[in-house]
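J.: Swiss-Prot lists these features:
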- 88-112: compositional bias 'Basic and acidic residues' (COMPBIAS)
- 121-435: compositional bias 'Basic and acidic residues' (COMPBIAS)
- 444-523: compositional bias 'Basic and acidic residues' (COMPBIAS)
- 531-561: compositional bias 'Basic and acidic residues' (COMPBIAS)
- 752-765: compositional bias 'Gly residues' (COMPBIAS)
- 69-128: domain 'Collagen-like 1' (DOMAIN)
- 143-502: domain 'Collagen-like 2' (DOMAIN)
- 506-565: domain 'Collagen-like 3' (DOMAIN)
- Asn13: N-linked glycosylation site (CARBOHYD)
- Asn83: N-linked glycosylation site (CARBOHYD)
- Asn502: N-linked glycosylation site (CARBOHYD)
- Asn637: N-linked glycosylation site (CARBOHYD)
- Asn658: N-linked glycosylation site (CARBOHYD)
- Asn667: N-linked glycosylation site (CARBOHYD)
- 71-568: region 'Disordered' (REGION)
- 730-802: region 'Disordered' (REGION)
Amino acid sequence: MNYQYTNYCCQSNITLPNSLTCTNAKIYVDVGRPNNCLGNDGDLYLDTNTNNLYYKIDGVWTLVSNLRGASGAQGVKGDPGSNGSKGTKGEKGDKGDKGSKGDNGEKGEKGDAGLNGLDGSKGDKGDDGSKGSKGNKGDAIKGEKGDKGEIGDKGDKGEDGLKGVKGDVGDKGDKGDKGDLGLKGVKGDKGITGDKGDKGEIGEKGNKGDKGDVGVKGDDGTKGEKGEKGTKGDKGNKGDKGEDGLKGENGDIGDKGDKGSKGEDGLKGDKGDIGDKGDKGSKGEDGLKGSKGDKGEIGNKGDKGDKGDIGIKGDKGDIGDKGDKGDPGLKGEKGEKGDKGDIGDKGETGSKGSKGDKGDKGDKGDVGDKGSKGDKGDIGEKGDKGSKGDKGDKGDKGDKGDLGDKGDKGDKGETGEKGSKGDKGDKGDKGETGSKGDVGLKGSKGDKGDKGIKGDVGDKGDIGITGDKGDKGVKGDKGDIGLKGDKGDKGTKGDKGSKGDNGSKGETGAKGDKGDKGDKGIKGDTGTKGVKGDKGSKGDKGDLGDTGIKGDKGEKGDPGIKGEAGTNSPFIGTFIDNVPGSGTTIVPFGAIFAYLSAAGGGGGGGGISDGNGSPGGGAAGTVYLYPLTVTSGLVVNYTIGSGGTAGTPVAAGGAGGNTTITIGTLNFTLNGGGGGGIGGTVGAINGGAGGSVTTPLGTTPGGSGGVGNGGPLPGNGQVGLFAFSGAGGGQARTNGASTGGFPGGQTDSNTFGGGGGGASGFAKGGDGEQEIPTTIPAQSGTLGSGGGGPTDVSASGGRGGDGFVRLDYYSA
């Protein structure tokens, strides 16, 4: 397998702690425990009998780990691994002799689909087959619409076009994309798999099917918002003079509400003037019938006055154009007579009639029988407000009549004596059917109608002319998947007829019973070939084609130039990353052993707030040449800690970030060093503490930071197996502590010098700032060591050193 490597380089040296000597370290592999006479410090020994790994230190072989480990519980099945890198290309083989072409075999019976054959080499282009003849087009007879029939029998299969002449079998080509699914023919003898034919023409568009039966009236929709104000109606004829009623105050004309869903039928009021018919909207939900204005309180019936002149009837509004009639819904059951509806919005005041003669006061008439409530007329559109008429003479106050039924609120006239309720006007002529009212709220979607019987399987559409046999084998661009052919002998599905115009939406009645399935529409004539449709759904999987003949073996390539003789070294390469942040790397091909070296981020030197010096930062924990067994392709995950920020006059030094590494089941944590405090601040002048190290072999604690005001000096880092903890940073005028032979940062003890940074396992700590004889600013740490502390000259400490990760790979 080949792997792509990043950040690999040739073997480079790693600075050793001064306390170790690992020059020319070796790895021994043998059976049994090693003898201390064998090898030198720094060597490794693998006992193949027990898989124990030993490391020689101070002349003694020390057991550090067992590579086998106890069998763990069966893990959860992992996700499929990514494809491995492509292997190296083998040498080209010799070209084989080309076999002579065999005779075509007899056509055999169609067998079961075989397994997919191996992809062959691209074969030679086969000869084009003859184009088959186009089959005859079947006639589509339109029958009369009858009752919904059962799904018809499957139509006869149209005649297949002539089969193209079989071309010579070419060498097996690369496996092509699945071709369009052709019409399934009658299963015949297994033929030679032909090449994909040209896409047949799309059938002609079918005739529009007969209109389906009217659905059952849906439930009444909810009352809609009040509709928009309509145009002013034509002036009506002058009616008989009514008795002067008490003239009410002119009310404000209410805004016409938005049309809402259809409300419950109220009591049918007197028929109003027919308003202009509005333009037919798209059939929508029945809007709410315009809300009637608020019902006024019934006033005391005034004395019957003389009948005043009836105001001139407004001109009748022009009848609007009749909208297209929608499909009528089934007439719903007549609803119960509803409560009298609220009084509608006040219409515009009609032209003032001429003043009538004052009549004699009449005797109080008997209360007439209440007339039967007339059918409620269609509510006309609200007319424009007419000019106010002249005030008539006040008639003599008549006897108070019985309270009549509240009529629809008329136009407010001038206040006269309240007259007896006028006779109910004749029912107006029924207005022309307005455009079908907006359909009430759309009823819940009815059960999906049975799928219209699939048009009788149309006569099998003309079979597309058998395409010329394409070049066999060459993998063409994947063709557009054709329209999915009807399975089996079914004729090609005709184009879906264009959607019929939506009829005006009828009033939504109560949800009716599921209607009978509509009659199947006559299959329309085949339309002209349409533009290429969108890619159709994937057709049924075709029969497995015959395995093509394996191509000839390619010619053997020229031998490559002989490479230079390599050195016999097990070293493969080194991976290094010293940029803070997270990353991954992959164990390279051939590697079975590796050494890990890494460091966390060092702590930053402190700040200063007065003339005293400030402490240094602590160093991070480190790992040095930790031995590992690895496998090619293993992913190593890591996070590199950054060095702590330098202190300022108002802020202490920042702590270094932790470095973590995960290699298989092994985890390493290298804690960053602590930041130095702020000089001159009580309780905050201590040096930063060193970071600890945790490996599979245990935890090594870090050194403590120096304590200000004459407290304890900083603690040195500790040495563990392949691990060095960070040393503590020194307080003001104190050197930082050391680790593994690397000293801490130095300070100028004769002045108010800054404390030195702690040392890491790979570098000395940053020196503190000095003032005499010249001012030298505090130094930053490197490779995880701590930064030096400042004096009051700069007041800012050195930054902590960033961490890093390094892996050296070996094949043996």
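Cβ coordinates are placed from backbone N, Cα and C, and glycine is handled just like the others.
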J.: Restricting to the chain of Asn658 (N-linked glycosylation site) and a gap of 6 or more, list residues whose Cβ falls under 8 Å of its Cβ, or answer none.
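T.: In sequence order, the residues whose Cβ lies under 8 Å from that of Asn658 (N-linked glycosylation site) (at least 6 apart) are Gly600, Gly601, Thr639, Gly641, Thr669, Leu670, Asn671, Gly672, Gly691.
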J.: By a simple count, how many Cβ atoms lie within 10 Å of the Cβ of Asn637 (N-linked glycosylation site), its own Cβ left out?
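T.: Asn637 (N-linked glycosylation site) is surrounded by 13 other Cβ atoms within 10 Å.
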J.: What number of additional C-beta atoms lies within 10 angstroms of the C-beta atom of Asn667 (N-linked glycosylation site)?
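T.: Within a 10 Å radius of the Cβ of Asn667 (N-linked glycosylation site) lie 13 other Cβ atoms.
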J.: Taking only the Cα atoms, work out how far Asn637 (N-linked glycosylation site) lies from Asn667 (N-linked glycosylation site), in Å, as a whole number.
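T.: About 10 Å separate the Cα atoms of these two residues.
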J.: Any idea what DSSP makes of Asn658 (N-linked glycosylation site), helix, strand or coil?
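T.: Its secondary structure by DSSP: coil.
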J.: Considering every residue in the domain 'Collagen-like 2' (143-502), what is the mean pLDDT value?
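T.: Its mean pLDDT is 52.
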J.: Helix, strand or coil at Asn667 (N-linked glycosylation site), per DSSP?
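T.: The residue in question, Asn667 (N-linked glycosylation site), is strand (DSSP, three-state).
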J.: Helix, strand or coil for Asn637 (N-linked glycosylation site)? Use DSSP.
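T.: Assignment for Asn637 (N-linked glycosylation site) reads strand.
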J.: Run through the region 'Disordered' (730-802) and tell me, per DSSP, how many residues are helix, strand and coil.
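T.: Split into helix, strand and coil, the region 'Disordered' (730-802) gives 0 helix, 5 strand, 68 coil.
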